[in-house]
Amino acid sequence: MKTPWKVLLGLLGAAALVTIITVPVVLLNKGTDDATADSRKTYTLTDYLKNTYRLKLYSLRWISDHEYLYKQENNILVFNAEYGNSSVFLENSTFDEFGHSINDYSISPDGQFILLEYNYVKQWRHSYTASYDIYDLNKRQLITEERIPNNTQWVTWSPVGHKLAYVWNNDIYVKIEPNLPSYRITWTGKEDIIYNGITDWVYEEEVFSAYSALWWSPNGTFLAYAQFNDTEVPLIEYSFYSDESLQYPKTVRVPYPKAGAVNPTVKFFVVNTDSLSSVTNATSIQITAPASMLIGDHYLCDVTWATQERISLQWLRRIQNYSVMDICDYDESSGRWNCLVARQHIEMSTTGWVGRFRPSEPHFTLDGNSFYKIISNEEGYRHICYFQIDKKDCTFITKGTWEVIGIEALTSDYLYYISNEYKGMPGGRNLYKIQLSDYTKVTCLSCELNPERCQYYSVSFSKEAKYYQLRCSGPGLPLYTLHSSVNDKGLRVLEDNSALDKMLQNVQMPSKKLDFIILNETKFWYQMILPPHFDKSKKYPLLLDVYAGPCSQKADTVFRLNWATYLASTENIIVASFDGRGSGYQGDKIMHAINRRLGTFEVEDQIEAARQFSKMGFVDNKRIAIWGWSYGGYVTSMVLGSGSGVFKCGIAVAPVSRWEYYDSVYTERYMGLPTPEDNLDHYRNSTVMSRAENFKQVEYLLIHGTADDNVHFQQSAQISKALVDVGVDFQAMWYTDEDHGIASSTAHQHIYTHMSHFIKQCFSLP
């Protein structure tokens, strides 16, 4: 992209006890600096809602170490990185023969079959059911024998060959050949009670961030799976109103463990799929949790195959400051799995919880005798440590006052990782490689490729890491490039969004400022979306866009076209975000500051940030607002209920209001248990309802979906009740049958239109 990005340097303002150091900031408003002479259109609310200006992605799926699949004009093409050419893998006309609208596809690892997904029906955040057909690529025809049942919950190819494992009605089945009958692996599945090979609600949302609980061994011989038992888990119930012709609303019931309630139990099994027989039932071998876990409630939180016959399991206590990794080997003579205590690796936290959200996954060397893992070092920063399976101690191979975000690939010579080391900016992401024979030899592969445009990268490696796709997300327009890891040479630009860049030349775009303030000798980063032709001598209304949950990050170098773009471009509102105590990727001291005390420091810091912004000279301190969604809705409500006098108004969407109402895994990670012996007092002292009286001083808009399975409508209902009880005049909006995302087309347009009207009224804008 050839956009003449500008750099804003200099001090925008000064504040008492605050140091402001300005870093390079990409300005998106191109052209004249004279607002009166700029006749270009602004980025409007309609532009956001209708997605007028679309960011182009480049999605690929690696199928070998040098080939990937991608879609173009609805054809599936295969690109050969070695020769630099593309060919048609499957024509769009082929899909027309199926008689169904194909939602997704998946190629078997041996390239012989393609799995076609249709009749997609969403369930929760990750889960869904669908129908599947298998297409034989050699015979160029659908397989009609022994088809996978409709309403299948999950399906996955083995890593090699073309075995299939799938879950239907909460039970697991395996196909050795796509056209042959399935082997049934489990017989205990029961809706909302026993889940085999798939997660229940809380494991899906808070532990695995996935619906699948199946793990193939690398050669496809063994299939590991988890079983979750929700028999004793309490149900959340809510009405689903559906079509207006429905005389009685449906009642949705979901096993949902709230803080302190009965949790699901978990068991883990492995089955040998090479020994399946149509005569006898499959034999699944259980691997039990370590004795240190069995003494109380615990979670299975990670499963990783080390070799064909070695598997690692990570277990976590319900109080999530203690985890154990078991490394288990297959004993062919007995058919059992042996997990030696001598190979257990314990991870603990004395200041908070283990991991960012859960313990990180291990990355094993080829022989399975050692692995690399991200853990906190003595200084409280998350870095890569090298473990040998028979030794307790590990060797850190990275260090510094920055953090490794993730390990991306491991070869015999190098380890590749993403970190935020570059220029000391926590909101940046770059790709590095470290030489395994000499840990002092570290190379940043992305830092200097296009530093003005690209400071936030993610990566996708080919099967053996010979090639990789770099995905730049900002601060400029997204850029996708292909590289060879042999010499780290850039091979080609896959997508540069040049068409969008040309369109945006004709739009008055806002600018983005990324900076930090120093409070109590600690850096806290913030970002500001500034109106076009920003003039620091003028006064602007300011909207604080907040999330502020544990390990969150709002101040980053990502390019976005969103609601804030409209507010800044068209309404001349500054939209700011601030990462205070509790935020992530800056060390445990900051992140663990809110351990066992949600609703305190992260709330206070948003108020203090607004105070400091108002001292910068260009903020109208009589027109400061705050808004947030989910945890951000909670913080917004706690801020407005603080009686600080800083904010005129605010919007809370789907907020938590009392932590005893939220799920056990998330809440207890940060708060412990709501018992007198543990942390009940703070549970009770951190509610929005206890601050109801102070809402008389502000304008408040409360929004929630009635079918929110995550943060239940109950949470907003209790806020509403408390405000009514003390006579607070406030606004409220509910969205019928909408879940936590309020994402249906009509609801999405309505909520952002409604919030825009509220903010404009609050700021006295026309």
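Indices start at 1 and increase along the chain as displayed.
Using the three backbone atoms N, Cα and C, a Cβ is placed for every residue, glycine included.
Under the heading topological domain 'Cytoplasmic', Swiss-Prot lists 1-6. Residues annotated as transmembrane segment in Swiss-Prot, with sequence analysis given as evidence: 7-28. As annotated by Swiss-Prot, topological domain 'Extracellular' applies to 29-766, with the evidence given as sequence analysis. What Swiss-Prot lists as N-linked glycosylation site is ASN85, ASN92, ASN150, ASN219, ASN229, ASN281, ASN321, ASN520, ASN685. The disulfide bond feature in Swiss-Prot is assigned to CYS328-CYS339, CYS385-CYS394, CYS444-CYS447, CYS454-CYS472, CYS649-CYS762; the stated evidence is experimental evidence. Residues or ranges marked as active site, charge relay system in Swiss-Prot: SER630, ASP708, HIS740.
On the structure: features taken from Swiss-Prot.
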residue	record	contacts (Cβ under 8 Å, 6+ apart)
ASN85	N-linked glycosylation site	PHE79
ASN219	N-linked glycosylation site	PRO159, VAL160, GLN308
ASN281	N-linked glycosylation site	ARG184, TRP187
ASN321	N-linked glycosylation site	MET348, SER349, THR350, GLY352, TRP353, VAL354
CYS328	disulfide bond	ILE287, ARG310, ILE311, SER312, LEU313, TRP337, ASN338, CYS339
CYS394	disulfide bond	LYS373, ILE375, CYS385, TYR386, PHE387
CYS444	disulfide bond	GLU421, TYR422, ASN430, LEU431, TYR432
CYS454	disulfide bond	SER446, CYS472, GLY474, GLY476, LEU479
CYS762	disulfide bond	ARG623, ALA625, LYS648, CYS649, GLU699
Fewest neighbouring Cβ atoms within 10 Å: which of the glycosylation sites ASN229, ASN520, ASN685?
ASN520
Which one is it, among the recorded positions ASN92, ASN229, CYS447, that lies nearest to HIS740 (active site, charge relay system) by Cα separation?
ASN229
ASN229 (N-linked glycosylation site) and ASN150 (N-linked glycosylation site), distance between Cα atoms, whole Å:
24
Sequence-distant neighbours of CYS447 (disulfide bond) in its chain (C-beta under 8 A, six or more apart):
TYR422, ASN430
Calculate the distance in Å between the alpha carbons (Cα) of ASP708 (active site, charge relay system) and SER630 (active site, charge relay system), and round it to a whole number.
11
When you rank ASN92, ASN229, SER630, ASN685 by Cα distance to ASN520 (N-linked glycosylation site), which of the recorded positions ends up on top as the closest?
ASN685
Pop the Cα-Cα gap between ASN685 (N-linked glycosylation site) and ASN229 (N-linked glycosylation site) into the table, whole Å please.
33
Tell me which of the disulfide-bonded residues CYS339, CYS385, CYS472, CYS649 sits in the most Cβ-dense spot, judged by other Cβ atoms within 10 Å.
CYS472
Tell me whether CYS447 (disulfide bond) sits in a helix, a strand or coil according to DSSP.
coil
If you measure ASN92 (N-linked glycosylation site) to ASN685 (N-linked glycosylation site) at Cα, how many Å is it?
59
In whole Å, note down how far the CA of SER630 (active site, charge relay system) lies from the CA of ASN685 (N-linked glycosylation site).
19
Between ASN150, SER630, which of the recorded positions has the fewest other CB atoms within 10 angstroms in the structure shown?
ASN150
Including all protein chains shown, what's the count of other C-beta atoms within 10 A of the C-beta of ASN92 (N-linked glycosylation site)?
14
On the three-state reduction of DSSP, what should I expect for ASN685 (N-linked glycosylation site)?
helix
Protein Cβ atoms within 10 Å of ASP708 (active site, charge relay system), excluding its own:
23
Three-state secondary structure of CYS762 (disulfide bond) from DSSP?
helix
Tell me the coarse DSSP state (helix, strand, coil) of ASN150 (N-linked glycosylation site).
coil
What is the Cβ neighbour count of HIS740 (active site, charge relay system) at a 10 Å cut-off, with all protein chains included?
20
